[in-house]
């Protein structure tokens, strides 16, 4: 079968009983079968009454018949073939009781010249019955006193071919001991049947100078020339053992007759030597056996009852159907096996190339499991459009790193310094990660890219908006404080609160990746074209719910600080960024689930780009835009006018600093100093009140050398000279009038 390039089988084929056959012999036998089936015989039945094949038959099914023939040969060898003339006749008729044997003959041959001394030949006259009527058969080619004709496929002269090792006979299986030899299947013109014979040469007894010859015929017309692949099956001694046959391509059974022809029982009747001899292209086609007629053999009680004619022996009784993934516009129902055989032979003889150019199945478009034409099955990717969006996203990601470098260089500028540069840097890192999601969903998705997509989307979101919410939360805590003591919240404390949130996200994403790795699943667009999208399951839904609660908490924090005054109005801008990401996420869910549930890959990529730009780019613009603009205008180290007019204190700045100097002071020390100043002022006010009560009270007369004397007062009270002189004048008046001063406690508890 060198002409079939995709033929994976070797030149030598082994059949069930251990015999072997070559591909060349199979092809020659198929040509013979085709000539007989199409009555292309010419003078065959005139000059040659028998037409043998060159392939052996699996003899396991006829093991019981062979054993009966061997037993009959042993009996004749023991008792002698001539001594009991009626014995040969009885044995020949007895062999016909077998279910398979249709003819039996016993010959007595002269040992010297090989002439026929006597013979008996019995055949079954009615093949429709299990045990038909038997009758004696007179063969013109067998004449007493003459040698049998050499054209008999079941006979060969022992003198010319010792031990019957003639090309007429098939080799015996290597593991079995046979008394005789099986012939190759042959066609009998007289009977119009396909037969196979088993012949045994009986050695002479030595006294009569005669040797015997016994041969049985088995009708194999009911067998099928099935050139398709078939599963291996076994035969018992008498009762046939059906095999379970699982169809590999159930869609190929297009009719009841084709399905019935491929049942388990019919598989037993296949000629194993012809399996896999079809001419279908093995890479793109599958062979489907088609019974030439509607009648199929049945098995009952171990006996094959059949009404098939010689039409079951036909070359090309199959249909070449396209495998899944292949199609043929000219022959959607498959290619006829007979035509394929002729086309293959013409290709071998270099007559035409129809076999390779016309009678073939074409591969479907990429991604099609089954198809009827060249129509595409995969959604089209507009790469220029996707590359343009990817370029913008990568440019934005690079811009965040440039902005991070700019921030680091100007970190001591007031507009950046009061906004916690470390949190601004963390925000930029999260934004860059979210931009890189567009890189992950750019190519054809697979498991690796889906993992990168999930990590970049959710981890970037968590880093960016956790840092912003930490800053806003600090404003909320300092703005709502009602205590006289200031709450101390520095960047280090906020980072300590931020780390557990990021750690929870890391653990969740890691567990998700290990236990239920995201994969790319096939979905269909509105044109029923398929493409791959990262799978969505309860892991996605749980994380989405968590992010919704996270944003809800952020919105609540932003709502609490809506009236808070902050330096450069940063708290309000961050609140706008939080509101924006919440609205963008809700809008994207509506677009994906409700408005465009069957959007193609390019539309989904565009929606991802829009979501990234509306959320990430807007956040960068709100948080960093006003600051960079002030630096460009040369106002980065100047406080905004609103802060100066409204005298914003330390409690209302985003980082708890307020209107700071060039060097950042110790806020705790400043708070303690303010407390001491307030206490001193309270003591002075109390002292002032006591002094005025004594000096202006005419009923009180100070004691000489007392606490409230003019001398002591001048040294102890921090007042001006005018105040002291006024006190002296008032005291003199009281003394002149004779008033007695009243006792009064001093701030020190003294009287």
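Even glycines carry a Cβ here, placed using N, Cα and C.
The transmembrane segment annotation in TrEMBL falls on one of the ranges 576-599, 648-671, 672-695, namely 576-599. When the ranges 331-351, 352-372, 415-435 are checked against TrEMBL, the one recorded as transmembrane segment is 415-435. Looking at 264-286, 287-309, 494-516, the stretch flagged in TrEMBL as transmembrane segment turns out to be 494-516. Ranges compared are 206-226, 227-247, 605-625, and TrEMBL records transmembrane segment for 605-625. With a cut-off of 8 Å between Cβ atoms, the residues of this chain six or more beyond the transmembrane segment (494-516) that come close are 420, 422-423, 426, 451, 454-455, 458-459, 462-463, 466-467, 470-471, 473-474, 537, 539, 543. Sequence-distant residue pairs (6 or more apart) of the transmembrane segment (455-473) and the transmembrane segment (387-408) include fewer than 3 whose Cβ atoms are under 8 Å, leaving the two stretches without contact.
Among the stretches 536-555, 576-599, 605-625, the one making the largest number of Cβ pairs under 8 Å with the transmembrane segment (415-435) is 605-625.
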